[in-house]
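Worksheet: one structure, shown below.
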Amino acid sequence: MDFGPYLMLATLEGAVTAAVLALTASGLALVFGVMRVVNVAHGEFFMLGSVLAWWVTQMVGDTAAVGFAVALIVVPVLVGVLAAVTDMTVLKRIDYDPERTIVATIGILYILQQVTLMTYGPDARPVSPPFNTRIALPWFEFVDGKIGLYWPWGLSITSYKLAVIGAAGVILIALWLVMTRSKLGLLMRATEQDRDMALAFGIPVERIYAMVFGLGAAMAALAAVLIVPIQQAHYLMGADPLLLSFIVVIIGGLGSFPGTVLAALLIGLSDGIISVFFSPTLAKILATLVVAMVLVFRPQGLFGAKRT
Amino acid sequence: MLRLEGVSAGYGRAQVLREVSFVATAGEILCLTGRNGAGKTTTVKSIMGLLPLMAGQVTWQGAVLSDLPPHEVPRAGIGYVPQGRRLFGEMTVAENLEVGRLTNGKDARVLEEVLTLFPRLNERYRQRAKTLSGGEQQMLAMGRAMCLRPKVLLLDEPTEGLQPSMITSIRDATEQMRDKGVAVVLVEQRLDAITELGDQVVLLENGRMRGVLTRAEVASEPTKLARHLGV
């Protein structure tokens with residue numbers, strides 16, 4: 001394959017990674033932004049989402065599309081409720097103290113991971129995509145000074161991957177609308193900006209915290225349900241999304257939603273392109289290097305506000 | 001009546017207030033005054049439930065406010081204009097007022113009243129709070145608290161750092177609230193404001209009460225108040 005089609009293929013693969021990463025990282029950014037909690041267990045909520053997606057599709061046992069549709073609705077709710085309960089029983093008790101919440105979420109990480117290992121087992125298990133038509137993509141060439149289209153061998157993408165990109169876009173727009181246009185978003189933003197003033201105006205801050213922690217985890221679970229037909233469910237699959245989400249959130253600016261989405265695009269696309277042309281390891285090395293540069297030259301991230 | 005009985009409070013283990021007691025009555029302005037560090041802000045924070053009490057209690061119309069979770073205190077009709085305004089700076093004027101109306105959501109008229117009282121807020125309605133001038137921010141802080149339709153209004157140095165025309169505007173709004181039957185607790189260090197507005201003046205020093213003066217006593221013994229404030 002020529003360089004052009006090859007680059008297009010890599011970009012599309014990167015777009016899938018970026019889409020899922022944007023969803024996962026948005027959850028992490030939301031939790032940090034509103035609660036100032038660094039949720040080290042975020043990757044495990046992602047893992048739980050994929051494992052539960054497998055479980056739900058097995059339970060429903062109808063066609064792949066029905067099982068997947070049920071998983072898409074039920075799994076984020078289940079994971080969100082579990083996270084909200086975790087918030088109320090663990091994080092609230094330690095008064096959301098920044099240092100202790102890090103230790104607590106590390107504990108939650110191991111509990112979720114080991115319980116999954118004990119119940120689900122160590123195997124990676126596939127979930128069938130609801131649809132998976134291979135779509136051949138055209139490229140162009142100049143013949144006798146005119147542009148002509150042709151279909152290079154191997155330049156294709158599945159309809160499911162395109163659907164993942166589209167679904168992620170729709171979900172991110174919905175999240176943005178909730179944050180900026182709804183009453184719940186107003187309560188979350190008020191809590192984010194000044195916890196005491198939020199309380200002084202009747203906002204039940206602890207309930208908002210539980211909701212935000214649940215919503216953050218549900219976002220990770222939703223991303224996992226979308227990606228599990230491509231990646232397979234495994235009890236150790238939470239580490240990579242966690243690392244990449246932290247990278248994205250730091251580059252985008254802690255708590256900044258537009259920054260998170262743009263950084264996810266940057267990291268996802270570069271991850272896809274570098275992985276295809278060179279190696280996935282190099283992609284991770286470069287992403288980590290970018291984080292180091294951002295921390296040195298712009299610690300608040302590309303779109304984050306300076307905190308005093 | 002808002003009643004504080006033997007209230008002690010502080011930050012962590014550091015006790016600031018020691019057995020503070022007073023009564024704020026509807027339709028009156030109670031000035032809480034003292035030098036820096038006397039415990040004025042700590043007192044209003046304690047009333048709002050933002051600081052846990054070490055001893056004593058705060059009651060409003062017989063209900064014990066200090067037993068409520070902090071977010072229930074404004075629902076009881078207690079409005080708060082904090083020192084330094086503490087607006088939601090990234091939000092617009094409209095959104096700040098919307099937060100003020102959260103416990104009072106069905107009352108559409110209150111927004112009209114606030115915007116009539118502070119027309120500048122109407123002009124800046126879609127502007128972010130952090131971009132307003134100091135005086136406009138103070139109007140917004142007052143307006144946000146008034147959106148709650150408070151029965152008790154706690155004002156913590158609302159005219160600090162403002163130009164004279166803004167000070168007049170804020171004082172007028174404070175008097176309007178009093179005239180509507182609201183019990184106003186005003187933290188103030190300006191002698192002229194205390195003399196003009198205070199129906200009662202509570203003197204605080206090092207977290208303890210040093211006395212309560214009536215309006216008549218302030219008028220007849222102005223030196224006592226001036227001495228207390230160190231001016």
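Note: Cβ is positioned from N, Cα and C throughout, glycine not excepted.
According to TrEMBL, the transmembrane segment annotation covers A:6-30, A:37-57, A:63-85, A:160-179, A:208-230, A:242-267, A:273-297.
The transmembrane segment (A:208-230) shares more Cβ pairs under 8 Å with A:63-85 than with any other stretch in the list A:6-30, A:63-85, A:242-267, A:273-297. The stretch in A:37-57, A:63-85, A:160-179, A:242-267, A:273-297 that contributes the largest number of Cβ pairs under 8 Å to the transmembrane segment (A:6-30) is A:242-267.
Counting Cβ pairs closer than 8 Å and at least 6 residues apart in sequence, the transmembrane segment (A:242-267) and the transmembrane segment (A:37-57) reach three or more and so form a contact. When the stretches A:63-85, A:160-179, A:273-297 are ranked by Cβ pairs under 8 Å to the transmembrane segment (A:37-57), first place goes to A:63-85. Listed by sequence, the residues of this chain that lie at least six past the ends of the transmembrane segment (A:273-297) yet keep a Cβ under 8 A from its Cβ atoms are 6-7, 9-11, 13-14, 243-244, 246-247, 250-251, 267.
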